[in-house]
Amino acid sequence: MYGEILSFFYITFFILVLPTQIFGIFVILRFSTKHLKLWKKFLLCNLICQIISVATLCLLQLRQVSNLSPMEIWCYGPIRHFSAITSYLFYVLSQISTLMTYFLVFITIYLKYEAVKNVNKQNYRKVVIILMLLLPIFITMVAQIDLMIVFFSPNEAQKKFNELNAIITDHSVIGYVISGRISSFLLTVIIFGSVFLLPPAGFFIRKKIIRCINSTSDSASVGQKFQRRSFINGLTLQSFLPLVCICPIFACYFVVSRTKTDLPFEQHILPVLVMLPTLFDPYIILYSVTPYRKQIRTWLGMTKTVPMVIVASVMI
């Protein structure tokens with residue numbers, strides 16, 4: 001029952017999300033001002049990663065069966081007709097692209113703090129900071145390569161997947177969630193850390209940014225300060241969306257995976273909640289960045305045109 005309902009949901013969700021993501025990319029490319037030159041790149045990468053994440057999750061339609069030992073990863077989407085290793089590659093792509101969206105938002109918040117605090121910071125230091133914050137993504141890639149070697153390297157293992165999936169009609173087994181390996185432990189730490197630690201860290205940095213903005217001299221106008229606050233508030237909201245959407249189901253996942261409880265609702269709904277923030281992110285970006293918001297207000301006819309008033313001055 002869950003599979004039939006969610007197969008329709010995934011298609012509908014993708015149709016809803018894709019146009020907003022493409023529209024967001026268009027607005028960023030077309031209407032970014034000079035002062036958004038750096039942030040434009042991160043906003044674009046974020047939306048592109050979200051498109052990849054949603055597309056792969058909709059093609060996979062995953063279910064992690066927690067009551068089996070080891071925990072099996074089932075695929076109900078169109079990708080199930082491919083080989084197990086191909087499907088697992090899509091699974092890895094969905095995982096990495098999702099993590100990228102979380103870390104890109106946090107990196108943007110941190111670089112905004114650096115920009116507010118030290119205007120003349122050297123470019124090489126920014127590069128070092130970005131690479132350090134992206135290190136968990138590289139670790140995830142290495143860990144997944146290690147797991148793929150374990151799952152698919154022996155020919156007997158691939159034959160086992162082929163034989164197992166040959167007798168299944170509605171889904172395919174594409175891999176396992178195993179414990180006892182360093183790579184599995186690192187993946188768990190990175191995934192849970194990105195969901196539970198990045199949002200509070202982003203909120204803490206936001207407070208420091210607002211403090212820096214408020215303490216700046218009068219050289220920055222009220223409008224400029226408002227634009228900065230609006231931008232950072234939008235980024236903070238983006239970083240908190242995964243926590244709000246995923247926190248309860250992740251807690252449930254942790255319990256059922258340890259107790260080996262069969263809970264179909266949790267198994268099916270987890271991937272849905274993972275991609276749910278992508279529905280709201282484009283709207284947050286377009287509203288929180290002032291040039292984009294002004295352009296959309298212009299398109300909607302909400303910007304009032306002030307008539308020119310000619311005043312005659314009299315010299316005394």
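Residue numbering: from 1, along the chain as shown.
Quick reminder: no glycine exception, Cβ is built from N, Cα and C everywhere.
Swiss-Prot lists 8-28, 42-62, 89-109, 127-147, 185-205, 236-256, 269-289 with the feature transmembrane segment.
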* **Chain residues outside the transmembrane segment (127-147) and at least six past its termini with a C-beta under 8 angstroms from it** => 92, 95-96, 99-100, 103, 106-107, 110-111, 114, 175, 178, 181-184, 186-187, 190, 193-194
* Could you name the stretch, out of 8-28, 185-205, 269-289, with the greatest number of CB pairs under 8 A to the transmembrane segment (42-62)? => 8-28
